[in-house]
Structures are given as structure tokens and as C-alpha cells.
Amino acid sequence: LEKNINKRRLKVCVATCNRADYSKLAPIMFGLKSHPEEFELEVVVLGSHLIDDYGNTFRMIEQDDFDIGSKLHTIVRGEDEAAMVESVGLALVKLPDVLQRLSPDILIVHGDRFDALALATAAALMNIRILHLEGGEVSGTIDDSIRHAISKLAHYHACCTRMAEQHLIAMCEDHSRILLAGCPSYDKLLSTYHRDDYMDIIKSWLGDKVKENDYIVALQHPVTTDIQHSIKIYGLMLDALISFNKRTLILFPNIDAGSKEMVRVMRKKGIEQHPNFRAVKHIPFEQFIQLLSHAGCMIGNSSCGVREAGAFGTPVINLGTRQTGRETGENVLHVRDADTHNKIYHALELQFGKRYPGSKIYGDGNAVPRILKFLSSIDLDEPLQKTFCFPPVKDTISQDIDHILETQSALAVDLGGTNLRVAIVCMQGNIVKKYTEPNPKTFEDRMHLILKMCKDAVQDAVRLNCRILGVGISTGGRVNPQEGIVLHSTKLIQEWSSVDLRTPISDALGLPVWVDNDGNCAALAERKFGHGRGVDNFVTVITGTGIGGGIIHNSELVHGSTFCAAELGHIKVSLDGPECSCGSQGCIEAFASGMALQREAKRLHDEELLKMDGMDVKLAEPITAAHLISAARKGNSKANAVLHKASLALGVGIVNILHIVNPSLVILSGVLASYYQAPVQQVMLERALFSAQSIKVVKSDLEEPALLGAASMVLDYATRRTY
């Protein structure tokens with residue numbers, strides 16, 4: 001009791017735009033007014049209420065003894081869609097001052113009119129809570145889009161049917177803020193349509209000679225998404241009604257684009273002077289109920305035909321698509337293709353004079369008490385920001401709107417000294433299919449084979465449901481990635497200098513092409529798929545046949561001014577030392593590469609200093625770095641000395657890198673990575689500056705860094721990431 005005494009009144013603003021929405025809002029307004037201890041009612045009138053052509057219907061609000069706090073002239077005169085848009089704009093200009101002055105706790109908005117969209121937009125932007133009536137319904141025209149847009153802006157919903165409630169839930173609206181109330185107009189029509197004086201009301205509009213169930217009510221509105229067709233249907237309806245020769249009460253259409261043209265059609269056919277017709281701009285709702293409930297038939301496309309008329313069992317002919325999606329009782333006959341006079345006339349013959357069971361799809365007469373109770377339960381202290389209840393959605397592999405069922409993929413090419421490899425790589429870094437061939441020795445044969453393998457892969461991609469976004473190429477040597485040109489190759493790949501790879505491959509496949517060297521590609525692979533994900537600064541070092549790598553600084557690959565940055569294998573660690581493949585001496589590659597270790601293993605083997613007990617070295621078997629490592633692990637001091645020197649050279653080189661670019665991580669890749677990881681970490685602890693000693697050395701987990709790096713160039717660009 002104390003809580004109710006201290007609770008302040010809820011200030012509720014009801015905004016009404018036209019005669020139709022007032023019939024739904026008026027019962028709520030009466031309910032609010034009858035509980036002054038709980039609610040403070042403010043009324044705002046706008047739209048067609050204030051236009052003489054539509055009956056100046058604001059007067060009936062005054063006759064109902066409601067104080068109108070604000071009247072806003074918001075309709076821009078015109079006959080097309082632009083006038084509707086301009087009317088919305090005009091309303092948005094005028095509403096802020098009114099809403100700011102009234103400062104309501106709740107704004108009640110009804111339905112799907114463009115005026116209501118302006119109201120909801122203004123209130124939402126001004127942080128005013130919105131209760132939307134009749135959301136979640138489906139009719140089949142532009143009204144659906146407006147209605148659903150208002151629902152997304154609204155904080156609370158009072159819907160009319162169970163299906164509408166389900167639609168709102170499907171639209172991710174919070175179920176706890178949805179009230180299944182029923183239509184407020186049913187509260188009035190179900191309690192008042194059994195009037196003793198109904199014939200007096202009918203005769204006052206249609207003349208003394210009219211009989212019950214022997215007249216027609218006609219109400220047709222323009223369909224704004226197909227104005228010309230709706231005008232054609234209107235003309236055909238009038239022709240059919242003239243031919244049917246029954247007393248007809250016809251209401252003027254609403255204010256949507258096309259309404260003026262429909263009125264012109266009506267006047268051209270002489271409807272206002274025709275003895276069978278009575279054309280009116282507005283009928284008070286209580287009297288309209290009597291006219292509708294006792295009519296022989298209603299015809300047109302008004303929502304009251306599928307909503308209110310159903311409560312009385314009045315036969316209805318719904319013309320066109322304006323109410324196609326509405327829930328209806330059995331009293332409604334749809335003539336969706338109302339393209340001839342005969343179709344409409346035949347529908348009149350079928351429906352006129354029938355009686356159907358009353359339907360309560362849209363309400364049971366108790367909507368207003370439910371809505372008032374719902375309003376009372378609103379906690380103004382809860383957060384204003386509405387939340388949406390999204391259902392769980394299964395992750396989709398593809399992000400491509402044009403090919404949503406395909407997997408976005410890249411064609412990756414790795415040009416090695418021995419093999420030429422092509423792979424289809426998907427966005428997650430999985431290799432869908434791989435192709436391997438020996439790398440030809442001549443330029444012509446190599447280019448021919450690259451194109452053939454790529455074309456085969458593109459054809460297979462269709463079967464594998466992969467969409468190829470581009471081609472990424474990893475190759476040894478120095479590369480200009482901006483032009484897609486191999487500038488200088490390694491000795492392992494012959495006839496491979498000053499080669500334009502991008503142009504011929506792009507022309508042949510019709511796909512974009514990216515090219516970079518294998519060391520940089522290894523770094524890109526780590527950045528996208530490996531230990532480098534989310535790391536802004538790291539270095540990748542390839543320890544294979546040669547020594548290479550790539551540097552990622554501030555999340556970008558470092559190329560250098562002449563594209564020879566990160567030639568890590570050619571960092572000098574000795575002033576003399578063994579000769580390197582580059583022609584110089586003392587490079588890391590000359591000490592620590594697979595070729596360098598193989599050279600030392602052969603030397604020890606030739607001197608019969610390599611083999612240890614338990615080692616199985618066949619006569620025809622070539623001596624490799626693996627034999628050197630095996631001998632060292634079995635205690636061969638000479639092999640241990642070679643590997644110690646190699647590890648020291650690599651470690652010192654990496655220390656130099658730490659002191660120049662100061663990465664936060666070092667990633668070792670290649671066949672020798674697992675051997676070098678621990679020794680290199682030890683050298684860093686012994687020789688790096690104190691602030692760099694804590695930097696970790698990790699072994700790459702990627703099995704195909706060159707292919708994955710080549711693919712990442714394509715996939716990162718295709719998904720609008722920078723490279």
C-alpha cells in the first residue's frame with residue numbers, strides 16, 4: 001500500500017494520426033482517463049485528423065471530451081510517394097518540441113502508418129519509452145515494413161493475436177515486454193453493437209428506404225507499392241458496384257499516395273451524385289460499427305474488413321494484396337487478382353446477404369484492462385536501452401553474400417627448388433586439395449605447368465563447392481610484391497629472374513594474383529593461422545635447405561625499400577667463415593642451413609668421423625643433415641661441435657634481429673626448427689640485452705607455411721583486411 005501511495009502517476013502520451021487509429025486508441029484513452037490516480041494523459045493530434053478533405057476528424061476527439069495538448073499539421077499535400085516522405089520529414093521537424101515540452105514517460109503509437117513511423121523515430125531518439133499497438137501483424141504491403149520498423153524502435157508491445165505475438169518473438173523482441181492484449185477496438189464494438197436504435201443510424205446515412213442486410217459498405221485504399229494498379233482496381237470495384245445495383249455507403253480513401261487520383265476516379269464516375277451511393281469522408285466509430293455489423297457485405301481492402309467485420313460475421317470481399325497476410329475468419333473472400341469487372345461482380349453475388357459465425361481472432365473485449373495493467377507494471381528505473389533476444393545461429397563457413405553456399409577459398413602456389421605445389425585453401429586454413437609435380441628446369445615448361453595445375457584446381461574447386469577468390473604465389477628469391485615480379489631467384493630455381501608472374505596467370509585464370517617470397521609467406525601464414533595470430537610484432541625464421549624468414553611489425557609485413565628486408569639468412573655473424581650461396585662469407589645460412597649441415601656431414605663422413613655405433617648408413621644413401629644430428633645425439637663430439645657452431649650462429653643472428661626490431665615473439669619454422677629451438681633460446685639468454693632475454697622462441701605448428709602464407713594474401717584481401 002505504501003508503495004502505491006508513493007508511486008508517482010505515469011505520464012502517458014497518446015498520439016493519433018487518423019480516424020482509423022483513433023478507433024483503436026480511444027478505448028485506451030478512456031481507460032487512462034478513468035484512472036487519474038495512476039495515469040496522466042496527454043493527447044497529441046497530427047496527420048489527416050487536421051485536414052478538411054478527410055473530415056477534420058480531430059473534432060470527434062474533442063467531442064469525446066479529451067483535451068488535445070498539441071495539434072501538429074504534418075501532411076504535405078501531394079499525390080505521390082514523395083509527399084508521404086516529406087510528411088514524415090515535416091513531422092520529425094515538429095515533434096521534438098512537443099515531446100520535449102510534454103516529457104512523457106510512455107508514448108503510445110498505433111499500427112503501421114507513415115505518421116506513426118515519424119512518432120516512433122522521434123521518441124526513440126529522444127529516449128522516450130514507446131508502447132506499440134498491433135505490432136507483429138502481416139498484411140502484404142509497404143505497411144509491413146513500416147509496422148516492423150516501429151516494432152524495432154518500440155520498447156513494449158501490445159499485440160492482438162497469438163500469431164502476431166509469435167512474429168514479434170521471431171523478430172527477437174523480448175517476450176517479457178510483449179502483451180497479448182487483443183484489439184482495443186473490440187472492447188467497444190463487442191459491447192455496443194447490440195443497439196436498439198441501429199436502424200435509425202443506418203437510415204440516417206443511407207435513407208429511409210434502406211433495409212437491414214441489404215446494403216454494401218465500400219472502403220478501398222491505395223497500395224503505395226503499386227499505385228496505378230490499385231487505382232485500376234478501384235475503378236473496377238466502382239463499376240461492379242454500379243452494376244450490382246444495391247445501396248452503397250462508400251468512404252473516401254485514406255491519405256496515402258494515390259488517394260487523390262482515386263477520388264478523381266470516383267467523381268469521374270459520378271458516384272457522389274449516383275442515387276445508389278452515399279460518399280462520406282468520416283463516420284464516428286460507434287455508428288460505423290452499426291453500419292458494418294448489419295451490412296449485406298463489405299468490399300474493399302481496409303483492415304476493418306478482416307478485423308472488425310469478422311466479429312459480426314459480416315461477409316467481406318477483400319480486393320487486391322493489401323490485406324493478403326492478415327489472419328481472417330471464414331467471412332472473408334479474397335479476390336487478389338481483381339483485374340476484371342466480372343470477377344468483382346461474381347464475388348458480390350457470392351457474398352452479398354450471407355451471414356457467418358462471429359470470429360474473435362483479434363480480441364475478446366478485454367484488451368484495455370490488460371493494457372492498463374501492463375502500463376502499471378512498467379518499471380521506469382529499469383534501463384531504457386532495449387535488448388534483443390537473438391536465437392542461436394549456426395556458424396556458416398562462407399561469408400560471401402553472392403555465393404552463400406560456397407566456401408571462400410584461395411589458390412596457393414609454392415615454387416620450391418624441387419617441387420611445384422598448388423593447393424585449394426579455405427578460409428579456416430584447411431587444405432582442401434593439394435597437387436604436387438616436379439619443378440621443371442626451364443622457364444617455359446615451368447609457366448606451362450603452373451597454368452595447367454591452376455586450371456585443374458579451379459575446375460576441381462567447383463566440384464568441391466569452393467569459390468576461388470584469387471591466387472597467391474610463394475617463391476624463393478627476391479620479389480616485388482607490388483608488381484608481382486620475381487626480381488632475383490635463388491640458385492635452386494633456374495631461369496627465374498625478372499619474371500612477371502602476376503600478368504600471365506591473372507590473364508589466364510581471370511583472377512587477382514599476389515606474389516611474395518617464401519620467407520615472407522611463412523610470416524603471413526603465422527599471422528593468420530599460427531602463433532602470430534593477435535601478435536603485433538614477431539619474426540618468423542625458416543630453417544630448411546636455406547635460412548629465410550619474415551618480419552611482422554605493427555601487424556604489417558616489412559618489405560623494405562628494395563624488397564630485401566628480412567633476408568635473415570644473410571645476416572653476417574662472422575667476418576670470414578664459410579662461403580655462402582650469396583657469394584659472401586659468414587652468413588647465418590653458411591653455418592646453420594640444411595645445405596651447410598649437409599656439407600659438414602659429408603666432410604665428416606669422407607673423413608670417416610661421422611658414423612657411430614648403432615647408426616645405419618647405407619652405401620647408396622646420400623648423407624644429409626639428419627645423419628649429422630643422429631651422430632650428435634649418439635655422442636659424436638665432431639658432430640656436436642658442428643651443430644653447436646650452427647646453433648650459435650643462428651642464435652647470434654636472431655639476437656641481432658631482437659636488437660634491431662625488438663619483436664615480442666620468435667617463431668622457428670622448417671625441418672630444423674625442433675632441433676634449433678632450445679639452443680637458440682639459450683643463446684638469447686646468454687647474449688641478448690636484458691630487456692630482450694625474456695622473448696620466447698616457439699616452433700611453428702604449421703605443416704605447410706608456404707602454401708598457407710600464399711593463401712593468406714588472397715584471403716586477407718578478399719575479406720577486406722589490409723595487406
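In case you wondered, yes, glycine gets a Cβ from its N, Cα and C as well.
On a predicted model such as this, the values are computed, not experimentally measured, just so you know.
Over in TrEMBL, the protein carries these features:
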| type | residues | note |
| --- | --- | --- |
| ACT_SITE | D518 | active site |
| BINDING | R478, T490, D518, E567, H570, E589 | N-acyl-D-mannosamine binding site |
| BINDING | H570, C580, C582, C587 | Zn(2+) binding site |
| DOMAIN | 37-375 | domain 'UDP-N-acetylglucosamine 2-epimerase' |
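Taking C582 (Zn(2+) binding site) as the reference point, the recorded positions whose C-alpha atoms are within 10 Å of its C-alpha, out of R478, D518, H570, are H570. Farthest C-alpha pair in the N-acyl-D-mannosamine-binding residues R478, T490, D518, E567, H570, E589: 16 Å apart.
Between the C-alpha atoms of E589 (N-acyl-D-mannosamine binding site) and C580 (Zn(2+) binding site), the distance comes to 7 Å. With respect to C580 (Zn(2+) binding site), the closest of these recorded positions in Cα terms is H570, chosen from R478, T490, D518, E567, H570.
Spacing of E567 (N-acyl-D-mannosamine binding site) relative to C587 (Zn(2+) binding site) is 10 Å (Cα to Cα, whole number).
When each of the binding-site residues C580, C582, C587 is scored by how many other Cβ atoms sit within 10 Å of its Cβ, C582 comes out lowest. Residues R478, T490, D518, E567, H570, E589 make up the record's N-acyl-D-mannosamine site, and a Cβ search at 8 Å around their centroid adds G476, G477, N517, G519, G546, I547, G548, G569, C582 from the same chain. Looking at H570 (N-acyl-D-mannosamine binding site) and C587 (Zn(2+) binding site), their Cα atoms lie 5 Å from each other. In this structure, the recorded positions D518, E567, E589 were compared by how many other Cβ atoms lie within 10 Å of their Cβ, and the smallest count belongs to E567.
Looking at T490 (N-acyl-D-mannosamine binding site) and D518 (active site), their Cα atoms lie 11 Å from each other. Taking the mean position of the Cβ atoms of H570, C580, C582, C587 as the Zn(2+) site, the remaining residues of that chain whose Cβ falls within 8 Å of it are G569, K572, S581, G583, S584, I588, E589, A590.
Cβ neighbour count for R478 (N-acyl-D-mannosamine binding site): 18 (other Cβ atoms within 10 Å of its Cβ, all protein chains included).
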